[in-house]
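Peer 1: Take a look at this one; I'll ask things after.
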Amino acid sequence: MAAFIAKQMVGDQLKSVKAMGGDEGEKEGNENAEEEAAAIEEARREAEERRKEKHRKMEEEREEMRQTIRDKYGLKKKVKEEPEAEADLDEGRVGRKKKTKEELAAEANEEEDDDEFAKFPTDLSDLTTKVSELPQKMAASVGEVTEKCSLQ
């Protein structure tokens, strides 16, 4: 503990002496600090990559071991449930339930059906009157055609 305090006191005095010298020390210090920061960042990134690679290898070995045990005892691999199915089980959820892909597809089909039914008349009595008038219109148009054309 005493060594730490002594270093702090001497270090502070050393910094004050450097500050009296001018900004030259600070420029070199800034360049060195930037280089050190870049080197430290690179070392951290490399360490993280090594850690991830090590973890991946260990996980592969574990999976191989699990597979040998499954084969030995005739067990089947557990299939993970989809996150959507797990989300449905959340009872304490504050927001509304998100729609599944199937529900979205069903809604799209309903909209298409609505578009097709929009072509038909909405009033059934209107449709029946048009159907009942149809034979009379056909007879009238056939009569007009026969008057215009005479068979010889």
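Placement of Cβ uses the backbone N, Cα and C atoms for every residue, glycine included.
Worth saying up front: this structure is predicted, and the values here are computed from it rather than measured.
If you look up Swiss-Prot, you'll see 1-119 marked as region 'Disordered'. The compositional bias 'Acidic residues' feature in Swiss-Prot is assigned to 23-39. The feature compositional bias 'Basic and acidic residues' is assigned by Swiss-Prot to 41-82, 90-104. Residues or ranges marked as region 'Interaction with the SNARE complex' by Swiss-Prot: 59-75. As annotated by Swiss-Prot, cysteine methyl ester applies to CYS149. Residues annotated as S-farnesyl cysteine in Swiss-Prot: CYS149.
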Peer 1: Treating G and I as helix alongside H, and B as strand alongside E, what does DSSP give for the compositional bias 'Basic and acidic residues' (41-82) in helix, strand and coil?
Peer 2: 33 helix, 0 strand, 9 coil
Peer 1: Does DSSP give CYS149 (cysteine methyl ester) helix, strand or coil?
Peer 2: coil
Peer 1: Can you count the other CB atoms that lie within 10 A of the CB of CYS149 (cysteine methyl ester)?
Peer 2: 8
Peer 1: Looking only at the region 'Interaction with the SNARE complex' (59-75), what is the mean pLDDT?
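Peer 2: For the region 'Interaction with the SNARE complex' (59-75), the model's average pLDDT rounds to 95.
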